[in-house]
Amino acid sequence: MELVKVIEKKVIKDYFVLTVETNKTFNSKPGQFFMLNLLDSLNLPKPFSVMDEKGNYLSFLIKIVGSFTEKISSLKYGDSLLIRGPYGVPIINKIDLTKKYILLGGGCGSAPLIYFSKEYPQLVKDTLFSFKEVYIQSILPKLTLFIDDIMGMTPVEFLSQNQEKLENSGAILCGSKGLLNSFFDTFPNMKNRSYVSLEENMGCGSGLCKGCPVQTVAGVKMVCKDGPIFKANEVNLEWK
Amino acid sequence: MELVKVIEKKVIKDYFVLTVETNKTFNSKPGQFFMLNLLDSLNLPKPFSVMDEKGNYLSFLIKIVGSFTEKISSLKYGDSLLIRGPYGVPIINKIDLTKKYILLGGGCGSAPLIYFSKEYPQLVKDTLFSFKEVYIQSILPKLTLFIDDIMGMTPVEFLSQNQEKLENSGAILCGSKGLLNSFFDTFPNMKNRSYVSLEENMGCGSGLCKGCPVQTVAGVKMVCKDGPIFKANEVNLEWK
Amino acid sequence: MEVDVLGIKFKNPIVIASGPGGNGRELNEFIDLSKLGGFTTKTITFKPKIGNPPPRIINIDNGVINSIGLENSGFDSFLNDDLPFLNELNTNVIASIGGYNVEEFCYMIKNLNNTNIKIIELNLSCPNVDKGGDTILNDLEETKKIVKQASKISQKPLFVKLGIECNLEELAKIVLENGADGLTLINAPKGTKVNLDKNNPVELSRGFGGVSGPIIKPLALSCIYRVKKIFPDVSIIGMGGVVSKADVLEFLKVGATLVGIGYGVMMDPQLPINIIDDL
Amino acid sequence: MEVDVLGIKFKNPIVIASGPGGNGRELNEFIDLSKLGGFTTKTITFKPKIGNPPPRIINIDNGVINSIGLENSGFDSFLNDDLPFLNELNTNVIASIGGYNVEEFCYMIKNLNNTNIKIIELNLSCPNVDKGGDTILNDLEETKKIVKQASKISQKPLFVKLGIECNLEELAKIVLENGADGLTLINAPKGTKVNLDKNNPVELSRGFGGVSGPIIKPLALSCIYRVKKIFPDVSIIGMGGVVSKADVLEFLKVGATLVGIGYGVMMDPQLPINIIDDL
Ligand SMILES: Cc1cc2nc3c(=O)[nH]c(=O)nc-3n(C[C@H](O)[C@H](O)[C@H](O)COP(=O)(O)OP(=O)(O)OC[C@H]3O[C@@H](n4cnc5c(N)ncnc54)[C@H](O)[C@@H]3O)c2cc1C
Ligand SMILES: Cc1cc2nc3c(=O)[nH]c(=O)nc-3n(C[C@H](O)[C@H](O)[C@H](O)COP(=O)(O)OP(=O)(O)OC[C@H]3O[C@@H](n4cnc5c(N)ncnc54)[C@H](O)[C@@H]3O)c2cc1C
Ligand SMILES: Cc1cc2nc3c(=O)[nH]c(=O)nc-3n(C[C@H](O)[C@H](O)[C@H](O)COP(=O)(O)O)c2cc1C
Ligand SMILES: Cc1cc2nc3c(=O)[nH]c(=O)nc-3n(C[C@H](O)[C@H](O)[C@H](O)COP(=O)(O)O)c2cc1C
Ligand code: FES
Ligand code: FES
């Protein structure tokens with residue numbers, strides 16, 4: 001793993017943006033992720049999508065949901081952590097490049113889409129980086145966000161009222177299973193024009209351990225290696 | 001357990017003096033010890049002898065030998081830790097009060113004897129708070145120490161050359177098994193005038209778990225509850 | 001949070017596990033044992049046992065390896081010296097007994113029948129004695145015989161304490177079919193610590209001891225879960241690394257009826273009471 | 001640190017344990033497998049197995065609970081698709097095989113006899129399939145039969161992989177007396193995680209999985225120590241929580257001949273090479 005240094009940390013309640021300085025350029029692509037770990041930890045590292053890479057700086061958007069995210073949220077400027085990656089297939093390698101896309105992110109699922117919209121503006125028809133609460137704006141000030149609490153509705157409800165946005169365009173979705181399901185329940189015919197970025201509990205994060213399966217039309221695939229981005233109509237999210 | 005606060009920490013290489021502020025007066029006596037633990041630790045607490053108690057301040061002399069002592073050595077002013085105690089029988093409750101004593105401490109074994117000499121100067125004939133290395137003086141500046149490296153000999157060798165110190169007096173020893181054995185090998189007839197403070201790996205530290213046995217003339221006893229101080233001729237240090 | 005176990009009322013589901021709380025006298029100086037759902041004695045053997053030589057305690061990450069070796073002053077001394085004290089407590093006493101053959105177990109059970117103790121627990125899984133329960137379990141016929149005979153004689157509910165170094169599901173079946181009323185799960189599994197800095201790098205004279213504490217919690221939870229799946233109605237005293245209210249709820253969730261605390265008492269004698277106050 | 005195991009030279013004692021390294025192709029993109037003492041395949045079964053549904057990985061303190069369920073594409077696919085790649089490597093390949101009956105094991109062994117693989121490992125202890133090795137071990141007669149037959153047919157040294165949820169000493173005796181040449185210790189013991197915040201608080205669809213990582217190290221060390229005490233000359237591939245050079249030395253100290261790394265590869269694919277460079 002590579003040692004990196006915390007350069008900036010912007011925290012607001014349960015969200016934070018973490019920027020680290022690296023010793024090399026990783027050339028990560030939107031949709032890829034890194035495995036992060038604390039120094040001297042005997043736990044497995046955990047996956048986080050790149051929100052931005054610029055030279056020797058990598059940024060992540062992280063939600064505090066448990067003990068690991070809690071611990072990295074309390075790192076200070078100059079503290080070290082360990083990373084390896086980038087892993088996963090870049091979104092750009094999977095999608096139909098003749099189309100334009102609505103980017104729909106839910107919470108931290110917005111991170112890879114934020115990176116995507118910066119790198120490939122020509123492929124983006126519109127963005128819905130959606131979050132429930134207003135406060136998130138204070139750590140992502142330069143972005144136009146969709147705030148449920150301001151809009152008074154979810155992004156899927158918003159799209160139902162503005163269906164023209166989806167006409168002739170694909171969608172790239174990244175968020176909870178709830179978000180994905182509600183989108184495809186509402187717009188079933190989007191399934192063959194959309195891509196979904198999946199989350200699964202990960203072990204190795206790098207295609208070795210068979211720990212992160214998803215059922216696809218081509219058999220069981222690994223989210224970490226064959227994804228996280230998949231064509232929406234090729235995966236079965238209900239395998240239990 | 002009680003929450004206490006680090007008030008002072010003096011470190012020199014592998015030794016440090018730790019002073020904590022407590023919310024109550026424990027009225028610990030020389031020879032007694034506390035069980036110390038870190039906040040949020042799932043490990044067992046570990047035993048440390050009191051080197052001094054003054055009002056709401058407790059001091060310990062600690063040698064860094066492993067992961068726990070390493071971790072407390074890196075606590076900073078104001079940090080919290082957990083303690084419970086005091087445990088063990090005060091030296092004063094065990095010894096023959098009609099005698100005067102040579103106090104022989106080896107390394108951190110000096111801690112309880114330093115406290116004893118402060119509380120009961122009338123019972124002390126002489127002190128040998130012995131350490132191998134000179135640097136220890138910088139964190140125990142007010143005390144007269146026996147430094148092997150300065151004297152060019154061990155405290156037991158020194159006593160062989162100054163046997164008059166042992167005449168008509170008892171001894172209270174606290175240190176490694178090596179120190180105790182070398183003393184009694186050299187002065188076998190001191191055995192029935194001396195007391196030894198024993199160390200044993202501890203579990204509960206408070207007489208519950210039968211984790212810290214010593215074989216005595218009266219059967220198996222617990223170092224934490226029945227000791228740590230024992231009459232030298234009543235314990236078998238070779239039980240294995 | 002009152003619990004009913006085979007007709008016996010426990011004022012809460014928290015019991016002290018056998019061992020770390022001794023026979024109660026010392027622990028009662030720190031906490032009021034009458035606040036507990038129950039108290040399990042340190043395993044009593046027919047004859048006194050001097051226990052293993054030191055060291056008996058090896059610290060490991062999130063746990064401890066112990067090699068006490070069932071130090072106790074024997075069954076008669078228990079009846080005369082410890083039981084009167086335990087009888088005074090307003091809590092349910094569980095008597096843990098260990099033995100080498102069916103006669104020893106039966107002698108002890110007969111005598112316990114005439115006392116106030118509420119449950120008899122056969123410790124067939126101590127990792128720290130060369131002969132005894134641990135080796136009895138390896139002999140399925142002997143196990144059957146002892147449990148059958150014990151349950152015939154016992155006028156108290158009979159629990160059998162098992163560990164994980166056995167075919168747990170099969171053994172559970174055997175002891176329940178032969179008359180045990182409940183199971184205590186789990187005893188400390190065997191563990192070894194190596195200290196490369198030492199001349200004698202394998203710690204503990206027997207080369208291993210029993211592992212307790214949070215480090216065994218996932219194993220303990222799975223044992224209870226698996227047994228409960230096969231025997232949904234069996235009463236289980238669950239234990240292994242319980243040090244918080246959340247741990248207690250997790251053990252209840254997988255099917256424990258009562259929850260034992262051993263290591264937690266060594267961390268802090270006050271811990272069981274803190275948990276009870278919080279339930 | 002060359003090691004000789006039953007006449008086979010290992011350039012160092014480090015082998016990849018079965019499972020976390022897959023069948024090598026993916027891992028070889030991160031490290032040069034030829035630097036390893038050996039590489040164990042993910043357990044191969046006669047027929048393809050789709051494995052268990054997600055989640056398959058549950059993080060716990062100092063370890064992981066996995067419920068992969070032996071996902072693999074079956075023995076024939078292994079021979080055709082994976083073995084040619086493994087043959088190219090300049091390291092000793094250990095083939096881990098799992099089965100449901102003696103015929104399946106024998107078919108696979110016969111076919112492995114004609115290959116370059118160096119050791120055959122019978123995985124009789126996978127915690128994550130409902131039928132298979134785990135249940136074979138509960139039937140001592142079936143275990144005897146399989147090991148006896150396997151060792152008769154095998155022209156390669158035969159290792160048997162055991163876990164701790166069995167009477168280890170007795171089983172070790174049985175498999176060695178019936179022709180096994182060595183033992184692999186230990187497979188992941190069964191563990192459960194409860195997440196009180198969830199609707200379905202017991203994680204993993206089967207309610208438990210196999211526990212790996214430093215959390216099982218004390219248990220693994222004691223298994224090896226205890227077996228080695230009874231069979232001082234047996235070759236053992238030791239594993240369970242090895243993540244550092246010190247861990248490797250500890251496993252060698254209690255009697256392992258080779259040391260397997262599984263979880264360590266998941267932490268950091270580079271880890272086995274870092275350790276080898278440091279030995
Ligand atoms: C490819 C990928 C990219 C990711 N990118 C990001 C990111 O950019 N920002 C971010 O904040 N998070 C991201 N995650 C999720 C992140 O890895 C988890 O939130 C983190 O591992 C939780 O660790 P913890 O110890 O804090 O919480 P835990 O204590 O492990 O978990 C807390 C709760 O979250 C649930 N949980 C844990 N991991 C996951 C998971 N992977 N999926 C769904 N639920 C889970 C647990 O079941 C539990 O209920 C990503 C996950 C994947 C697979
Ligand atoms: C009654 C009593 C009073 C004590 N008072 C003091 C004191 O005032 N100051 C002080 O520095 N230490 C004292 N100790 C010892 C102290 O408890 C240990 O040094 C400490 O627990 C080590 O913890 P660790 O995690 O840093 O080291 P570990 O990693 O636990 O151990 C490091 C090395 O030290 C050895 N070791 C650990 N504990 C003991 C022990 N109790 N006896 C002998 N060897 C041991 C280990 O075997 C190992 O080789 C006392 C012990 C007892 C029993
Ligand atoms: C120091 C110590 C002594 C023990 N003595 C006994 C005993 O005498 N009889 C018994 O059945 N279990 C004994 N145990 C095992 C505990 O009762 C319990 O099964 C095990 O430690 C797991 O629970 P815990 O993690 O809460 O301690 C002992 C455990 C420890 C740590
Ligand atoms: C994700 C994962 C998959 C595993 N798959 C197998 C397997 O297919 N066959 C097997 O014998 N053991 C398997 N194991 C067990 C390991 O080989 C090893 O016995 C165990 O994990 C302990 O070692 P470790 O702590 O180094 O991982 C697996 C372990 C993990 C974590
Ligand atoms: S996490 Fe190991 S294969 Fe995906
Ligand atoms: S440490 Fe528990 S009795 Fe002494």
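Count begins at 1; order follows the chain as displayed.
Cβ coordinates come from backbone N, Cα and C, glycine included.
TrEMBL annotations:
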type	residues	note
DOMAIN	A:1-93	domain 'FAD-binding FR-type'
BINDING	A:Cys204, A:Cys209, A:Cys212, A:Cys224	[2Fe-2S] cluster binding site
Sort the residues of the domain 'FAD-binding FR-type' (A:1-93) into helix, strand and coil with DSSP and give the three counts. 10 helix, 45 strand, 38 coil
Take every residue in the domain 'FAD-binding FR-type' (A:1-93), average their pLDDT values, and give the whole-number result. 97
10 Å Cβ neighbour count around A:Cys212 ([2Fe-2S] cluster binding site)? 27
Among the binding-site residues listed here (A:Cys204, A:Cys209, A:Cys224), identify the one with the smallest other-Cβ count within 10 Å. A:Cys224
Could you check what DSSP calls A:Cys224 ([2Fe-2S] cluster binding site) once collapsed to helix, strand or coil? helix
Which binding-site residues out of A:Cys204, A:Cys209, A:Cys224 lie by ligand 4, going by a Cβ under 6 Å? A:Cys209
Tell me, by DSSP, whether A:Cys212 ([2Fe-2S] cluster binding site) is helix, strand or coil? coil
